[in-house]
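Report on one structure; see the data block that follows.
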Amino acid sequence: MRSFIITYLLFTSLIFANISIENNEIKFKDFEVNYYIDESKNMKFQEIKNQKFLKGKNQKSFSNGDTHLWVKIQINNKSSQKQRLFLHHNNAYRLKYLKFYETQNHKLLNSFEINLSDTNQSKKMYGTDALYKFMLQPNETKIIYIQANSFIYQYYSIMVFNEQYSTQYLASGHLAIIIFLSILAGLMFYHFILYLITFFKDYLYYSLYLFFNILWGSYEYGLMGKYLGWYGAKYFIFDLMIIFSIVFLTLFIKNVLQMPKLYPKENKLANIILLLHVFNFSYIFIDIYTTLYLFSIVATFSVTLYLYIIISLYCKKDPYITYIIFAQIWFIIFNFITLFFYEGLIDYNFLTRYAYILGILLDTFAFSYLLSHRIKLLQEENKKNKEQTRRIQALSELLENISHQWRQPLTRINSSIMRISIELKKNRIHNNQIDSKLNDIENLSVYLSKTIDDFKSLYSKDRNSSQFNLKEAIEVSLELIQEEYQKNTIKVSLEVPKNIYINGYLNEFQQVLQVIFNNAQDALIAHQTENPQLSIFAEKRGNNVLLQIFNNGGEIDEKIINKIFDAHFSTKQESEGIGLFMSQKILKELMDTSLSCHNIMGGVCFQIEFQN
């Protein structure tokens with residue numbers, strides 16, 4: 001009879017045991033537990049033993065009101081050896097208070113409590129886990145009760161190990177979240193550095209969005225508890241960092257889509273989302289724990305508004321909205337999974353536990369691509385603006401050079417007209433003189449018209465080079481300034497062989513000569529040189545041709561001689577400094593040569609070396 005009773009008790013203990021140990025491989029991660037929700041929030045252990053517990057998995061979440069929870073685990077040792085067991089509550093870091101009760105045959109053997117808001121007691125924690133250690137003899141059964149009081153959301157994950165597996169689990173229990181948050185941290189620093197370089201607010205808002213998600217994730221997933229020992233009410237504030245992440249996400253999207261400027265209606269709705277979250281966070285001054293409960297309501301309403309904004313902008317065909325949709329569809333889906341998890345509506349597993357941070361990780365890559373694409377478009381737009389500015393500047397240079405080249409021909413035309421007018425009034429002019437002056441005016445008019453075409457061709461891609469005689473090209477240019485040179489008694493010396501030919505653009509080259517000749521005349525007049533002279537010399541040097549133009553109009557200050565080819569630099573008042581700059585540009589871009597200048601005794605030498 002006695003043996004029958006012992007057998008019966010052993011059999012019934014096995015039936016109702018949640019965990020049955022058969023060997024030394026003790027690593028229980030999936031088993032059944034019993035739980036009871038204390039709605040009165042003040043039941044004692046002696047009372048709780050008589051309550052009807054419900055069956056559930058060893059990983060489970062509850063609604064936000066279920067803050068006082070009791071869990072019962074029955075463990076039977078079927079092995080022939082005494083076992084030292086380690087019971088892990090690996091979400092204990094988020095609790096307010098935790099207590100273990102070890103019982104056998106309805107008798108309390110031992111208890112162990114941790115008040116996480118008490119610094120001394122929180123030292124009993126093992127990182128994120130609360131551990132209860134106990135012994136179990138062969139064929140012995142014990143029931144462990146866990147009293148868990150949370151701030152707001154209640155969920156648990158309970159495991160039973162031997163010492164070896166317990167140590168291994170504590171060492172590697174947060175590898176996944178460390179990887180997730182490390183990726184986010186890398187992206188945060190990358191975008192913040194881009195902000196410091198470019199000062200684009202998009203980068204700032206996005207890096208702050210990631211920063212507050214990292215803060216929240218570090219607390220919510222236990223890294224602050226494990227590595228910093230931050231537990232209890234004092235650090236619950238970090239759970240509210242999720243509110244700031246939503247605020248900066250909204251600011252980021254407002255800025256990327258330029259809502260204030262392009263979409264005022266949608267911008268107002270986005271501002272409502274911002275105000276709701278600011279109000280939500282300010283509720284901490286009333287009740288910090290209710291703030292997080294309100295967040296679930298505010299977040300649900302915000303997502304609804306957000307969906308409306310996205311649909312509206314999609315209908316308006318915003319160029320970036322496709323990227324936003326791709327990014328935010330993950331955020332919205334995983335956000336709802338997270339809300340359902342915290343409300344106890346779905347099972348506790350890896351996906352539901354880490355849903356929010358997984359959603360952030362997925363939308364982060366989409367947002368990063370959006371930012372890089374948008375910056376690329378901004379760079380292309382900036383490039384177009386620079387090109388437009390360059391064209392305007394080129395047009396300004398063109399007009400300035402035309403005016404520079406027209407100055408002397410117009411003076412000669414005006415002089416010829418005045419000469420004809422004076423002679424007509426005195427009746428001393430002859431037909432051949434009129435014909436000569438009119439012919440001169442006609443030639444100058446052709447030159448003026450040609451000047452416009454020549455400068456226009458400088459900015460045209462459709463131009464053809466040709467071979468021209470160097471001496472003839474110089475002589476034609478000298479004819480245009482001959483009268484002015486004679487008026488100022490400037491002597492010209494030309495020593496250029498007749499057999500030198502240049503491959504290039506004749507008209508543009510003659511424009512360069514006009515600039516050099518005009519500058520030489522200005523220098524000779526300003527310097528009041530006695531016996532002013534312009535000497536032109538050319539010779540072949542191997543396959544190259546060297547052209548030198550000398551004048552004795554005084555030397556150029558060595559401090560500025562290297563600047564005379566810079567745009568808008570001039571030694572003369574009321575000058576734009578365009579002539580020499582454009583001359584060098586013509587020779588460099590069209591004829592693959594350059595214009596240089598150096599001082600000689602009492603004057604200056606301009607030198608051009610052609611490569612034939």
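Backbone N, Cα and C define each Cβ position, glycine as well.
As recorded in TrEMBL:
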type	residues	note
TRANSMEM	175-196	transmembrane segment
TRANSMEM	203-223	transmembrane segment
TRANSMEM	235-257	transmembrane segment
TRANSMEM	269-286	transmembrane segment
TRANSMEM	292-314	transmembrane segment
TRANSMEM	321-342	transmembrane segment
TRANSMEM	354-371	transmembrane segment
COILED	378-405	coiled coil
DOMAIN	401-612	domain 'Histidine kinase'
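By the Cβ criterion (under 8 Å, sequence separation of 6 or more), the transmembrane segment (235-257) is not in contact with the transmembrane segment (175-196), since fewer than 3 such pairs are found.
Looking at which of 175-196, 203-223, 269-286, 292-314, 321-342 has the most CB pairs under 8 Å to the transmembrane segment (354-371), the answer is the stretch 321-342.
Under 8 Å from some Cβ of the transmembrane segment (321-342) lie the Cβ atoms of residues 61, 64, 153, 155, 253, 256-257, 296, 299-300, 303, 306-307, 310, 313-314, 348, 351-353, 355-356, 358-360, 362-363, 366-367, 369-370, 373, all in the same chain and six or more residues away from its ends.
Listed as Cβ neighbours of the transmembrane segment (175-196) (distance under 8 Å, sequence separation of 6 or more from its ends, same chain) are residues 203-204, 206-207, 210-211, 213-214, 217-218, 221-223, 350, 354, 357-358, 360-361, 364, 368, 371.
Mean pLDDT for the coiled coil (378-405) in the predicted structure: 69.
A Cβ distance under 8 Å defines the sequence-distant neighbours of the transmembrane segment (203-223), meaning residues of its chain 6+ beyond its ends; these are 91, 93-94, 127-128, 174, 177-178, 180-181, 184-185, 187-189, 191-192, 194-195, 230, 235, 238-239, 241-242, 244-245, 248-249, 251-252, 255, 354, 356-357, 360, 364, 367, 371. Remote same-chain residues near the transmembrane segment (292-314) are listed as 64, 151-153, 239-240, 242-243, 246, 257, 263, 265-266, 269-270, 272-273, 276-277, 279-280, 283, 321-322, 324-325, 328, 332, 335-336, 339, 342-343 (criterion: CB distance under 8 Å, separation of at least six residues from the stretch ends).
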